[in-house]
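**Student:** For reference, the structure I am asking about is given below.
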Ligand SMILES: C[S@@+](CC[C@H](N)C(=O)[O-])C[C@H]1O[C@@H](n2cnc3c(N)ncnc32)[C@H](O)[C@@H]1O
């Protein structure tokens with residue numbers, strides 16, 4: 001029931017966080033969501049939107065700050081949409097993520113399971129190994145950085161606190177060269193350069209620079225020369241052509257301008273080639289912790305057939321593969337399957353097979369062919385698993401499923417489904433892959449109930 005009036009000012013105490021990391025203040029039971037305020041803080045706020053069952057407010061004044069409040073370490077935080085929870089101390093960020101997962105498991109899915117503490121990062125900054133930087137020309141001046149929240153206006157950024165330092169250096173080095181490059185304009189769908197993409201391996205020995213362009217013209221020779229001279233670690237330069245009117249960054253065609261089409265990184269002692277369009281986790285050290293948890297949960301003995309569904313470039317299966325008899329991977333992006341097959345070779349793995357297609361379709365076919373995995377790793381995108389995929393899982397009944405998720409809301413939906421069908425859910429471990437953002441990763445073991 002609405003108990004507030006738009007544009008009126010109220011005073012209240014934050015009692016909770018939303019799953020997006022906003023503070024919640026209840027006014028006579030009516031929840032108002034407010035950005036950049038912390039649990040237990042007393043604030044003065046203005047109501048900016050009042051829907052029937054909930055509203056939004058703007059913080060005007062913090063009357064009693066929380067001990068967990070910190071000054072956002074990034075000078076662009078209040079303009080940029082890249083991070084959402086920088087005013088929370090890092091320990092409070094980890095608490096917030098644990099709470100988000102726990103609510104989903106227990107309040108939403110009613111699974112009645114424990115949520116462990118979030119596995120945090122030792123130095124939670126400059127971790128992103130992939131930067132997709134939109135480029136614009138405004139009043140004759142090139143802007144590059146990240147979008148403002150819910151907009152395509154760019155915050156012109158010199159240093160991003162979460163992307164790797166080397167990416168900041170490259171971005172600033174390339175910036176003046178763009179004065180003489182044709183820049184894409186979304187409104188007219190004219191101009192060449194849409195995004196600059198930078199991706200690097202964990203020790204910065206291999207870096208890929210990518211130009212995403214509206215057309216095939218190459219106006220990047222001067223930049224390539226400069227990179228050759230000043231950044232020998234840039235071992236791959238690519239141009240990806242995207243001529244569509246779309247928010248999707250990559251187009252279908254990729255041209256190699258220097259070196260290989262890929263860079264190579266290492267995870268848990270295995271090597272991985274990564275092509276521009278293939279998925280690869282953005283936080284190297286935390287990914288190793290996540291995979292270690294997943295592999296531990298699998299409890300492999302060396303005799304198992306493991307399935308790596310939504311496998312990307314084959315990372316989880318190959319990291320677990322030393323302890324398995326056979327690896328079967330499924331992935332929908334073609335370049336990632338190419339990478340996965342090459343990576344198996346690179347790692348001397350001869351007991352892996354990769355299938356190109358949707359997990360929900362390929363899994364069904366494999367089940368029909370009588371393939372029976374003992375352990376299935378499930379690592380879908382944010383939208384979670386298709387019901388047809390979950391049905392195939394239930395049909396084939398692997399002893400263990402290890403579900404890795406980047407979205408607690410679809411995780412709880414899928415776990416609830418599998419639990420109803422007979423899988424017992426173990427405690428969940430959140431792992432912080434995305435410090436300072438409201439994104440939450442989690443890993444959980446499910447076991448087939450034999451009784
Ligand atoms: C969260 S990523 C995980 C990738 C990999 N397991 C890793 O750890 O790097 C999800 C992957 O699922 C792929 N994908 C998305 N929808 C899919 C589907 N329906 N079937 C198979 N793969 C899919 C994406 O291309 C992406 O590589």
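Note: Cβ is positioned from N, Cα and C throughout, glycine not excepted.
Worth saying up front: this structure is predicted, and the values here are computed from it rather than measured.
The feature S-adenosyl-L-methionine binding site is assigned by TrEMBL to 281, 310, 331, 379. Marked as active site, nucleophile by TrEMBL: 406. The active site annotation in TrEMBL covers 406.
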**Student:** Could you give the Cα-Cα distance between residue 310 (S-adenosyl-L-methionine binding site) and the residue listed as 'active site, nucleophile', in whole Å?
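**Tutor:** Roughly 13 Å, rounded to the nearest whole number.
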**Student:** Looking at S-adenosyl-L-methionine and its recorded binding residues 281, 310, 331, 379, figure out the farthest C-alpha pair and report it in angstrom, whole number.
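**Tutor:** Binding-site diameter by Cα atoms for S-adenosyl-L-methionine: 15 Å.
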**Student:** Checking the binding-site residues 281, 331, 379, which are within 10 Å of the residue listed as 'active site, nucleophile' at the Cα level?
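**Tutor:** Within 10 Å Cα-Cα: 379.
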**Student:** Tally every other Cβ atom lying within 10 Å of the Cβ atom of residue 281 (S-adenosyl-L-methionine binding site).
**Tutor:** 23
**Student:** Starting from the Cβ of residue 310 (S-adenosyl-L-methionine binding site), draw a 10 Å sphere and report how many other Cβ atoms land inside it.
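**Tutor:** Result for residue 310 (S-adenosyl-L-methionine binding site): 21 neighbouring Cβ atoms inside 10 Å.
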**Student:** Starting from the Cβ centroid of 281, 310, 331, 379, the recorded S-adenosyl-L-methionine site, name every other residue in that chain with its Cβ within 8 Å, sequence order please.
**Tutor:** 279, 308, 309, 311, 312, 315, 316, 380, 381, 404
**Student:** Once the chains shown are all counted, how many other Cβ atoms turn up within 10 Å of the Cβ of residue 331 (S-adenosyl-L-methionine binding site)?
**Tutor:** 27
**Student:** If you skip the near sequence neighbours and keep only those at least six away, which residues in the chain come within under 8 angstroms of residue 379 (S-adenosyl-L-methionine binding site), Cβ to Cβ?
**Tutor:** 308, 309, 310, 311, 312, 316, 403, 404, 405
